[in-house]
Amino acid sequence: MNIRPLRQSVRPSPIFLLVIAVTAAGGALAWIAADTIRPLSYVGVFILVIAGWLMSLCLHEFGHAFTAWRFGDHGVETRGYLTLNPLKYTHPMLSLGLPVLIIALGGIGFPGGAVYLQTHWMTARQKSIVSLAGPAANLVLAVLLLGLTRAFWDPAHAVFWSGIAFLGFLQVTALVLNLLPIPGLDGYGALEPHLNPETQRALAPAKQWGFLIVVVLLITPALNRWFFELVYWFFDFSGVSSYLVSAGGQLTRFWSAWF
């Protein structure tokens, strides 16, 4: 495949570029706040984390779409999935707004948008790769954000680095959550092509309940504890202090300082 069609097909939308700009603005405010907890600190980290998470949702869905495009589903281009426009990834409130709200309230990287792909002609291996491409974006972002925090952490700019660490932690939670073999999630999507047809048909109706299954997982104490033990097991490889993550989460939920 030559470079020209690739450049023509992948066109970041102005909305995605705006999300990047807002993320950078939040980071700048958090950087200016230095190591002092003040209103500017809360505003900066909140913008950095929420806009940064929205950007990661776009990259996650773009990963699915771009991989499918490489395997022959060129309909993703006409549907706008290669523009990274968050409004193209299904319903803006339920698919994007709800995960952002959950981030703000609970600090969990909840699955976001979805792209509709034509994969029926693909091999089982290709279908699995398409499913895993989204979580791969979260993995890359987690390594990048936590790696930068580990390498360049400076107490003089603790507010900024706590926001970056928390955003990196959210990528880890999203990675683990998406890889669970629950119908409707990417982990099951990677496994499904290798199941026999009878099993696929039996589990197909459960896909519509994937959201509810995840909610049950997160509100059941024993399952919630198991989930976060797994998340922190992966997170600990980064060498970043969990204190930074906690501080970043508290700054993101700025209202917690008063209520």
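Glycine is no exception: its Cβ is also placed from the backbone N, Cα and C atoms.
The feature active site is assigned by Swiss-Prot to E61. What Swiss-Prot records for H60, H64 is Zn(2+) binding site. What Swiss-Prot lists as transmembrane segment is 14-34, 39-59, 96-116, 129-149, 159-179, 203-223, and the listing cites sequence analysis.
Structure coloured by features recorded in Swiss-Prot.
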{"residue": "H60", "record": "Zn(2+) binding site", "Cβ within 10 Å": "27"}
{"residue": "E61", "record": "active site", "Cβ within 10 Å": "25"}
{"residue": "H64", "record": "Zn(2+) binding site", "Cβ within 10 Å": "28"}
Response to the item:
According to DSSP, H60 (Zn(2+) binding site) sits in helix
